[in-house]
Amino acid sequence: MDISYPVINAGGLKNIASQIIMEIELDKRENRPTDNVPPDDIGKIEVVDDAEMEQFYGSSTTDAYRLKSELVSQCMADIGMGRFQWKLFTVAGFGWIVDNFCSQGISAVQPPIQQEFSGIKQVSYSSVAYYVGMIIGASFWGISSDLIGRKPAFNSTLAIAGIFLCAAAGTSNFIAFSALWAVIGTAAGGNVVCDSMILLEFIPGSHQYLLTALSGWWNLGQLVVSLLAWVFLANFSCPTDATPDTCSRADNMGWRYTLITLGGLSLAFTFVRIFVFKMPETPRYLLSQGNDQAAVDAVNYVARQNGKPEPLTLSMLQAIDVRLGFTPNAEERLSTKDILKENMQEFRGEHYQALFATRKLSQHTALIWAVWLIIGIAYPLYFNFLPSYLATRFTQDSSLDLTYRNYCIQSAVGVVGPLSAAVLVNTFLGRRWMMGISSIVTGVFLFAYVGVKTPMSSLAFSCVTGLLANFANQLSEYAIMYAFTPESFPAPHRGTASGTAASLLRFGGLVASLIASETGFTTAPIYASAALWVGVGVLCFGLPFETHGHAAI
């Protein structure tokens with residue numbers, strides 16, 4: 001929708017905001033029922049005069065959207081963190097679990113796949129197919145969330161992943177296996193992006209740190225994959241020296257059991273999302289589409305679910321338009337189909353242009369995307385190929401059982417990372433410094449890891465490295481993408497920014513897969529990963545905007 005507003009300087013905007021808020025408070029005191037609610041607490045909304053954010057975002061958002069979004073933020077603060085948001089925190093976590101089911105699942109089943117299927121030049125080519133799918137999925141689901149809303153991705157991606165994980169378990173050749181993983185990648189590429197945006201747009205600003213804690217579900221998913229690999233792959237796989245000539249399907253069912261279990265769990269999560277947990281479209285997306293009434297309904301739905309008074313009315317949002325010189329007309333409400341058609345006609349790169357509206361925002365966008373690309377290469381070079389590296393590192397006195405036991409221990413230790421990160425990103429160091437410090441420390445430990453000489457030393461060092469790298473992963477990969485990135489971009493363009501970042505991450509994963517295809521499971525990928533993590537830390541120090549202390553708009 002092409003709506004023009006008068007150009008207003010910062011001082012005039014502050015005066016307008018103050019006048020609007022005072023009128024809103026008076027209206028609410030006079031008209032809203034006051035049963036069991038102290039008069040001074042009814043609809044108390046304070047002006048948010050965040051000059052730093054206003055300067056940072058510039059013309060990337062309209063004054064009307066910014067004021068309405070700040071009003072919604074204050075309403076969410078009044079509602080507080082309640083039953084609805086904690087349920088959403090759990091249901092959104094399902095997406096993180098399934099994301100790990102896919103990313104770690106393909107890594108876990110590649111060794112037995114190579115033993116059973118004939119004609120495989122490099123088993124990691126299946127990872128190449130998977131990452132191609134993820135690149136497509138991240139772009140599609142991220143950008144579409146700005147065009148048609150957050151809910152379609154929220155409800156669809158888990159179903160796609162679950163169905164095709166089960167289907168992949170039934171394949172009997174490498175080409176079909178890789179093709180199905182490409183489809184799985186289209187779902188895995190976008191689900192976590194939208195899950196993070198949805199949680200961010202429903203929680204009060206005081207609880208935005210939960211976006212970092214949300215990634216603890218990802219580590220839980222890694223632990224599930226590790227346990228399934230230990231149970232199924234260690235006990236229902238061909239011997240480690242088997243070849244396609246000696247490894248039959250009947251003797252190698254472990255990887256199939258693993259994928260069927262992962263797919264079944266994903267479908268169960270899908271059922272809960274669609275049929276058990278009821279969620280409206282996010283109010284920030286609705287505001288960006290000019291659908292003020294639906295945004296009011298969404299905010300008040302959260303209030304009712306939390307047992308709180310409804311804090312928002314349509315007249316409050318309309319007052320902002322009137323004070324800015326825009327009078328809403330009575331045009332008929334566009335359907336979802338019409339909104340999609342109009343958005344596609346008007347898109348023409350406008351969402352991307354808005355991400356470079358100011359000098360600082362341009363620098364921020366470029367660095368965020370660069371960091372994501374580098375992490376996309378660094379992380380899978382070590383962690384996605386860890387089971388195969390462990391299996392080949394100490395072949396003389398190791399076994400599949402020992403390999404996956406170690407993998408489970410490392411995964412369990414990694415769960416600590418997100419919880420610690422959620423606390424530390426809220427300290428005086430903020431997001432940027434914690435990202436930079438933890439990334440550099442991770443790189444140092446990865447450099448040292450390749451020097452261990454015994455299996456027990458390898459396990460101990462892997463646990464420490466796993467803790468730090470998962471910790472850095474929350475403060476770099478996950479805190480940047482799934483906490484810092486959505487926090488730092490405005491909702492009208494949040495999906496485009498996050499989706500593009502995720503696409504670059506997945507492109508980095510594709511590069512990592514190609515590197516592994518050429519180098520094999522040697523120490524070379526670990527050295528490369530270590531150097532890249534150090535580089536990420538340096539770039540994090542150059543980010544121009546800190547989201548700690550600022551409520552997302």
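Note that Cβ sites are derived from N, Cα and C of the backbone, with glycine treated the same way.
As recorded in Swiss-Prot, the features of this protein are as follows:
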type     : residues : note
CARBOHYD : ASN235   : N-linked glycosylation site
TRANSMEM : 89-109   : transmembrane segment
TRANSMEM : 128-148  : transmembrane segment
TRANSMEM : 152-172  : transmembrane segment
TRANSMEM : 174-194  : transmembrane segment
TRANSMEM : 213-233  : transmembrane segment
TRANSMEM : 257-277  : transmembrane segment
TRANSMEM : 366-386  : transmembrane segment
TRANSMEM : 409-429  : transmembrane segment
TRANSMEM : 433-453  : transmembrane segment
TRANSMEM : 459-481  : transmembrane segment
TRANSMEM : 496-516  : transmembrane segment
TRANSMEM : 525-545  : transmembrane segment
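Counted within 10 Å of its Cβ, the other Cβ atoms near ASN235 (N-linked glycosylation site) come to 13, all protein chains included. Where the transmembrane segment (257-277) meets the stretches 128-148, 152-172, 213-233, 496-516, 525-545, the count of C-beta pairs under 8 angstroms peaks at 152-172. Highest Cβ contact count with the transmembrane segment (152-172) among the listed stretches 89-109, 213-233, 496-516, 525-545 falls to 89-109 (criterion: pairs under 8 Å).
Tallying C-beta pairs under 8 angstroms between the transmembrane segment (89-109) and each of 128-148, 174-194, 525-545 places 174-194 first.
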